Structures are given as structure tokens and as C-alpha cells.
Amino acid sequence: MPMYVKDQKLLQALIENRKRSAPYAGAFLVKDEEGTDPNIVTGSDSEKSIDDLKGKDLLKRLHEVGTLAQITSIQGDQVVLFGHRRLRITEMVEEDPLTVKVDHLKENPYNKDDDVMKATSFEVISTLRDVLRTSSLWKDHVQTYQQHIGDFNYQRLADFGAAISGANKLHCQEVLEELDVYKRLKLTLELIKKEMEISKLQQAIAKAIEEKISGDQRRYLLNEQLKAIKKELGLETDDKTALSAKFKERIELKKDKCPPHVLQVIEEELTKLQLLEASSSEFSVTRNYLDWLTVLPWGNYSDENFDVHHAQKILDEDHYGLNDVKERILEFIAVGKLRGTSQGKIICLSGPPGVGKTSIGRSIARALNRQFYRFSVGGLADVAEIKGHRRTYVGAMPGKMVQCLKSVGTANPLVLIDEIDKLGKGHSGDPASALLELLDPEQNVNFLDHYLDVPIDLSKVLFVCTANVIEMIPNPLLDRMEIIAIAGYITDEKVHIARDYLEKNTRQACGIKPQQVEVTDAALLALIENYCREAGVRNLQKQIEKIYRKIALQLVRQGVSNEPDQESPSVTVSEESSSGDSTTAKDEILKDPAVEDASVANNVTNPASEEANEVNLTTEAPKEDNTSKGNKDTYGAAEDAADKAIEKVVVDSSNLGDFVGKPVFQAERIYEQTPVGVVMGLAWTAMGGSTLYIETTKVEEGEGKGALVLTGQLGDVMKESAQIAHTVGRAVLLEKEPDNQFFANSKLHLHVPAGSTPKDGPSAGCTMITSMLSLAMGMPVKKDLAMTGEVTLTGRILPIGGVKEKTIAARRSAIKTLIFPAANKRDFDELASNVKEGLEVHFVDTYGEIYDLAFQSDAGTETSLDDLALQD
């Protein structure tokens, strides 16, 4: 046996010992540490700890009985030992290296003719033969043993059996320590019997694995033979022939419409496919490439509907308002009708969240009878998503547009590119630059995808993009799109949408009957004004759903169940009725402008109703068991009476807080009549628009004390506007009241509430001037007046943005008189009549006109400052 000696001192002693005439050493087994299981293998450093032991510590860890071994050879740290006889340690002579005195042990005398001894030895030999038949490794052991030892006798037979058994080291140590030959034979017999069982188990495992492998090989050979037979008989072609036939069949249907350059590429790839081996990687690449080339709808266009009245009806069914978008689509249809064919366009719908930008895309596709495909580019940072991967990459795929054409099956779909203002930019390129080719009418006639590597005609595709903030879109990309701004909905429009679309769909989704609940107009108005002021209606839908969920819980607690009678014999009728309701719900869901994906909403509606029905079943079943006691007629009558006793749930402005909690928004209007130095302005916000007050007060007065302090988290542009307002106000006061030295001798403090909200923009210039002049002259401005406009140093009024949002905010605060720049007159005239109704609007070019309008005396009246604040 080869041994590895790590102790250099011990190794040197063995080398010196080998040089002598009798190169022998003692080999002793090391005991296991106390508390450890020798059968369990662990990752501990036990060997290192043994090497570190010296002298008495090492002696304590050794078994007393060992082997006298001859040192056959030493190569490096490998020492080959050959065992001769048994030894027992008597005492220690030297600690390092460990040297001990030993006694040579001999076997106890025995009778070699004893029948029991013979029988035991024969059984050992018989078992060894059985094991040798199954294990070639054991045969090598026998040959080695015979070369060195010679003939077998009883004690050598026992030692040999134990040596080659591969048993536990402690069992082998027992055999080594046993000097009684008969007992040693019995111990050896036990060890080789165990080895025999292990050998049988090994054979069983090998046989099972072999059967599995041979079975798979046999099945594979039979399948290959079957394929060959079918091919010879003409019943089946091989894989390559079948694939080629499939691709040719596909392209044969489109051969007249398919461009010549595409047909040429397909023919070349088909020829290449026949020359490749099916097992090669290039084969799968070519097969996938041909699959994409042949599946695309080359020249296949859907028949468009150019009926303007039909399109108007569909658009009005699905969405309330959005007149700008609808008008643009009707113009597109009208042009297509006159030309006889339609061209693709790139339209970008911009506006706040929840105004129906995404959902109207589906309605446009339905109105035009085009296929609809939507994909979002929000956070997209990989150009390959747009242009595809090169075919050389593993797992390469075409871009989104090629996937779109495969999905819809026509070459003129309506493609909705969502969240185009939220494009990312990463190490894989700039997707916004990749979209330049896709969204350019001059370039997308020959759009080149990296994967297909053949030009694709996208000129017939109608692209509709959506964005919240168009300023985030790169200018070259923005230049290719036609922008349609969707400002949002005014209160009247929200009431219509809530009543005609949201409330109806939510009621059906919650399984509530119309006669069981009533939400008054006052409640809807209060909900919109105090909880849902944002431009869109998505939050309004959430609040209505919240109201109806609470109503559903209230009805169930009262014992109401709207589910059909499960024991009724007319099951078919109930199913048909339920199906009809779901169909109605499906048609009406599309009318919701806040739902981004109407198909998802349709799928959600019916399961929610079914879930509610299941809950009702579980709550009603015990009630029937406990109360009816077999008399179903009596129970039915009692249930009818209970239904009659339940009152309709009425949601009014008075109890609205019980369903949706405290109001989120408070009244923007602080003053019924603005006091001196305070003027109402108009601002555009992400919520759609709001009113704000510009407040100016005098801090101190003294000759040469003229100065201006600004607060209210104003941006740089707004601070500059305040400085301009201070200069222009001083000039206007000098013109109107030459003797008034207010600005020269007064330190002013201008504040714009609320202080925690950041504000910026130039449109508050005229409002700031008016606030300062009001303080300087001690005159309040006209009641119910609001204004907006940028002012130059010479007093000219420049146009502003967000006219619709600001007008809506003014209506919400019950403003009657508005002042806008004259350049915004066209923007105001384009607003819907219900937005402009009841407003007195003045359009001005210079600040002098604003001065005359703002400081007109109202008929009437003088009001003390104590009465100016609005009492809540």
C-alpha cells in the first residue's frame, strides 16, 4: 500500500532506515476523535490535527495492534509499504519521530483438520469466488497477493479476505487484532458476505442503467428504420424536404404580392437549407430565418372602412369628448375615401395620465377596420428591440415591428407606441434615434430590420404614439410626428363619463342591480371636485369602484344575493341570461376612456362577478340549512320579504365621506373678494390646471428703501418675472400717479402660496404687476377676476400655454372674468362651448388694458377688510 508522509523528520528517518539491511517500519491505525462517527464524511481538518500531534499525544491516538511493514520504495513523500506480521506497542522510546518498542504477535494454535474450521474456510473461499466472478478489481487483488505471498492457509485466507473487502477500517482492525484463527475467519466471512451484497446491488444498478440505455437506443434505431421505410415507400419525406415544402407552400400564396428582392432571398435560403446538415447550427439559423421571411404578410392589406358616419359613431360610443382626436381621424378617413386608398401617418397624442390616450387607439383601429397592435417603449434602452438582432447572435430575433406584422397578419395595422416620452438610453444604443427611421414617412417605405436584412414597406401603417410630456421627446423625433394635445376633461365632461361609462361598468363588475343603488349627481360632482381634480378619469374610476365595493359589502351584510337560484330547473335560461349580461358588459367596457386596455377589462369583469356569486353562495347555504328545516317554500317566501324590506342604498354628497373618506382637495378660492395687494392668477400643472394667488405686502417704508423680497419656492424664470413686474409696475404707477413714491420708498414682500409647491414659468407676470399696483394704490381688483400672461419690460403681453387647463381651473373656482393675451384668442375660440360658457373673457396686448379692466369699480360697494376673507 502507498502511504503519503507529510512529516519531513519522519520521512528522513524512513529513508535512513531503508538504507539498512532490514528496512522495516511499524504501521498503526489512528483512532477517531471522541464523539465522532467514523462512517460520516466531514470537511474537517482532522488529518492536519493528526500531523500536528507528537510524542505521547500521538501515541494515545494509535491502536495498540498494528503491522510490521517492509519499506519497498520511497519516491518523494510517497512511501510504499508491504505488510508482514502483527505487532503490539509496548512502550515509547522516542517522541519525534515516534519510536516504540513492540511485541511480535503470533496466531493462537489451532487444529487445521477441524471440521468447523474447514467448513468456514470453504465458505470463505466459495464467497470469494462468487465475488471474483462479478468484480474484475478483486481479480487484480488476487493476482498481486499470489505474487507476493504464495499459497493460502487459514490465517492468510482470513487476512486476504479482510484486506480486499473494502470494509470499514474499524472492522478490518478487529480482524487484525484477532489472534484466534477461527474467529478471524468468521469475521472475514461476515465482511465478504457484505461485499457480496454490495456486488449484487452494483449488478442490479448496472443492469437497470443498461436496460434504459439499450431501450432508448433500440427505440431510436426503430424510429430511424421507420423513417427510412416510409421514405422508400413515398409516405414521408425527410425533415429538410418537409421544411422546404412548407416554406414554398407559404410563399406560393403570396408570390404575386411579394417583392422580387424578397423572393430572391427566399430562393437562395431554400437552396442553402438543402445543402446543410440538419444537426449543424447553421441549419437552425437558416430555418428560423426562412420561417420569419415566409410568415410575414407581404402585400396583404386589410379592407379599410371609409364610412365617416360609421367611424364617428364608434368613436362616440367608446369615448366622450376628445373632439380634436376624433376630428383628426375623421379627416384621415375622408382623405382616404377621396383618394381611394390610405397612407400611413404618425400621430402623437400628448396629455396627462388617464385622459384616454391609449384606449382611444383601439377605438381608432375599430373605426378604420384595421388590426391593432400595441407595444410600450417606456424604459426601453436596447436598439435591438426596434431594429432586431443580427442573425449571427445566439437567440437572435427581429425587432418589434416585424413581430407586429407577424402577429396581426396584415401590412397596414394601427400600431400604438406607448410612453414614447419615456425612452431609455443605455450601452446598447439610443432607441430614440432608431425610431427616427421607423417614424419617418420618407424612410419607412424601406425600413431595414437587422435580422431580416431585407427592406420592409411600412408606409401603410398608421402609427399612434402617446406621451405625457412632449418636451421629453428628442426634437428630431418630435419633428416627424403630428402632435394632438389632449388637455383633459372639465367637470361637466367628467360627470358625463362617470354617469354613462364608469358607473355602469363598475356596477356590473360588482354584481349590483341598478334598482339596489343610486348615486346622485350631487355626489358625483362632489367626488370630482373634492377627490378627483386631475385631468384624467383613472382616479375617478378607482373612487367609483371603492364606493361600489362598500355598497356590495353593505348589501351582502343585509342578506342580499343577486345570484340565480341553483335549484331552479331552468338552468339553461340562467346560463343564457348570464352570458347575455357578460356580452353587454364587454361591449360597454370599451366606452371607458380611462381603461388602457379594454380587452383586459373585459376579462376582469366576469370573473369578478362570478367570485361575488361564489361568496354569496357560501354565505347563503348555511342560512338555508338553519332556517328552512326542509320547508323550502316557507324559506323562499321569507327571503322575498327580506328583499322587499331592504332599502335602496343612496349615495349623496352628505354621506359621500362614509364611502371614500375625507376630501383630498380643499377649495382653491381663499377670498370671496380679494383684498388690497392680492390678485388671482392661473397656472398649468400636471393635474391639468389650477388657480393661485399672488400676494404682496409692505414690509417697511422709508426714503430710498425700495426693494423686493420673494418667497413661495419660485423658480428662476418666475423670479425674473417678479423683477420685471416690479420695474413695469413702477413705470405704470409713475404714469398714473406721478406723485406716488410708493415703489421708491417701500420694501415689498411678494409671496405665492402654497409655499411647499415648486412653481416656475413666465405667465404670472401681469398678475404680479397688478398685485403690486393694488398695494401701491390701496385699491382691490375687480371681484371674480383672474388673469395670466407674460409681460415684457415695455409692458407688452406675450402669449402663454395651457389655455384650456387654465380656463377649466377658473371655472372650478367660480371666476367670471378672465384676462388672456390677445395672441391666445384662437386657442380660446377652439375650446368647446361648454368650457367657455358663462365666462367674460378679455384679450389684451398691453398692460395698460389690464390696468383698466382690473381696477374698474364694481357697482356697488365698499367692503371692509374684515369681510373680504371667505368664511368656510
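Note: Cβ is positioned from N, Cα and C throughout, glycine not excepted.
Residues or ranges marked as active site in TrEMBL: SER763, LYS806. Feature annotation from TrEMBL assigns ATP binding site to GLY351, PRO352, PRO353, GLY354, VAL355, GLY356, LYS357, THR358. According to TrEMBL, the feature compositional bias 'Low complexity' maps to 567-583. According to TrEMBL, the feature compositional bias 'Basic and acidic residues' maps to 584-594, 621-632. Here TrEMBL flags 1-196 as domain 'Lon N-terminal'. Summarising the annotation, TrEMBL assigns domain 'Lon proteolytic' to 673-857. Residues or ranges marked as region 'Disordered' by TrEMBL: 559-636.
In the predicted model, the domain 'Lon N-terminal' (1-196) shows an average pLDDT of 77. Taking the C-alpha positions, the distance from SER763 (active site) to LYS806 (active site) comes to 11 Å. LYS357 (ATP binding site) sits 21 Å from LYS806 (active site), taking the Cα positions as reference.
Annotation for the binding-site residues GLY351, PRO353, GLY354: lowest Cβ count within 10 Å of the residue's own Cβ, PRO353. Minimal Cβ crowding within 10 Å, among the binding-site residues PRO352, GLY356, is found at PRO352.
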